[in-house]
Amino acid sequence: MKTVTVKDLVIGTGAPKIIVSLMAKDIARVKSEALAYREADFDILEWRVDHFADLSNVESVMAAAKILRETMPEKPLLFTFRSAKEGGEQAISTEAYIALNRAAIDSGLVDMIDLELFTGDDQVKETVAYAHAHDVKVVMSNHDFHKTPEAEEIIARLRKMQSFDADIPKIALMPQSTSDVLTLLTATLEMQEQYADRPIITMSMAKTGVISRLAGEVFGSAATFGAVKKASAPGQISVNDLRTVLTILHQA
C-alpha cells in the first residue's frame with residue numbers, strides 16, 4: 001500500500017496519526033484557539049470551517065487560515081467544511097461548497113481538503129483534479145450520525161472514494177449496537193486487506209464505538225480524531241490519552 005506524505009508526516013505506516021479539530025466562530029477565537037492547540041500532542045490540524053461565522057467573506061476565511069498556518073507552520077492543515085447533512089454547523093449550496101474549497105486550494109495555505117463523497121460525482125472528480133494540480137491532498141469523506149450500513153456498503157463507499165482518486169478515503173458511522181462496531185471494523189479490515197492501495201480512515205462513533213478510534217493499527221485505519229478541548233464528534237477522547245493508548249498498541 002502506498003503511503004501519503006504531507007509535510008514530514010507519513011500517513012499509512014506505524015501508529016495511527018492523531019487529527020484534532022479546531023472549531024472557532026471568528027478570527028479572534030481562531031487566534032486564541034491556535035495558540036492553545038500549539039502546545040497539544042497531535043499530528044494533523046483540521047480546521048472545521050463550518051463553525052466560522054463570516055463564511056461568505058472569503059478574505060476573512062483565508063485570513064483565519066493564514067493565522068493557523070503561521071501559528072503552527074509544521075503541522076499539516078486540513079481544511080474541512082462539514083455540511084449540515086453530514087453533521088456540520090451550516091448548510092450551503094453545492095456551488096458555494098465547491099467554490100470555498102477551490103478558494104482554499106488557491107490560497108496555498110492548506111495542505112489537505114476534506115471533500116464529501118456525496119457532493120455530486122462530477123463536482124467531486126473536478127475538485128480532486130483541481131486540488132492535485134495545486135499539490136493539495138484530498139481526504140474524501142462520508143458521515144452517518146444515525147446508523148451503520150452493512151459491511152458491503154461501507155466497502156463500496158470507500159472503494160468509490162478510491163476510484164475518484166481520493167488520497168485518503170474516510171468514513172465515520174454511528175453504531176446502534178456493539179455489533180455495528182464489529183461491522184465497521186470488519187469492513188475496515190476487508191477494505192485494507194483486499195482493495196485499498198492507499199491509507200483509509202474509519203471510525204465508529206459515540207462511546208459504543210470508541211474501540212475503533214484506538215485500534216486503527218490492528219484493523220487498518222491510518223488516523224484517528226482526538227480532542228484538545230471540545231470534541232468535534234461523539235466518542236472522541238483527549239489527545240494525551242489517545243497518544244498513550246496508540247503507543248501502547250504500537251509497541252506491544
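Here the Cβ of each residue, glycine as well, is placed from N, Cα and C on the backbone.
According to Swiss-Prot, the protein carries these features:
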type: ACT_SITE; residues: His143; note: active site, proton donor/acceptor
type: ACT_SITE; residues: Lys170; note: active site, schiff-base intermediate with substrate
type: BINDING; residues: Ser21, Glu46, Trp47, Arg48, Arg82, Arg213, Ser232, Gln236; note: 3-dehydroquinate binding site
Exercise for the section: Rank the recorded positions Arg48, Arg82, His143, Lys170, Arg213 by the number of other Cβ atoms within 10 Å of each Cβ, and give the residue at the low end. Expected result: Arg48
Handout entry: C-beta crowding around Trp47 (3-dehydroquinate binding site), within 10 angstroms
Key = 29
Exercise for the section: For Gln236 (3-dehydroquinate binding site), write down the residues of its own chain that are at least 6 apart in sequence and whose Cβ falls under 8 Å from its Cβ; none is a fine answer. Expected result: Arg213, Phe225, Gly226, Ala227
Practice task
Output the one of Ser21, Glu46 that, of all these binding-site residues, has the highest number of other Cβ atoms within 10 Å of its Cβ.
Solution key: Ser21
Completion exercise
Rounded Cα distance, in Å, between Arg48 (3-dehydroquinate binding site) and His143 (active site, proton donor/acceptor) is 15
Practice task
Using C-alpha positions only, work out which of the recorded positions Trp47, Arg82, His143 is nearest to Lys170 (active site, schiff-base intermediate with substrate).
Solution key: His143
Completion exercise
As a whole number of Å, the Cα atom of Glu46 (3-dehydroquinate binding site) is distant from the Cα atom of His143 (active site, proton donor/acceptor) by 16
Practice task
Could you state the whole-number distance in Å separating the C-alpha atoms of Arg82 (3-dehydroquinate binding site) and His143 (active site, proton donor/acceptor)?
Solution key: 9
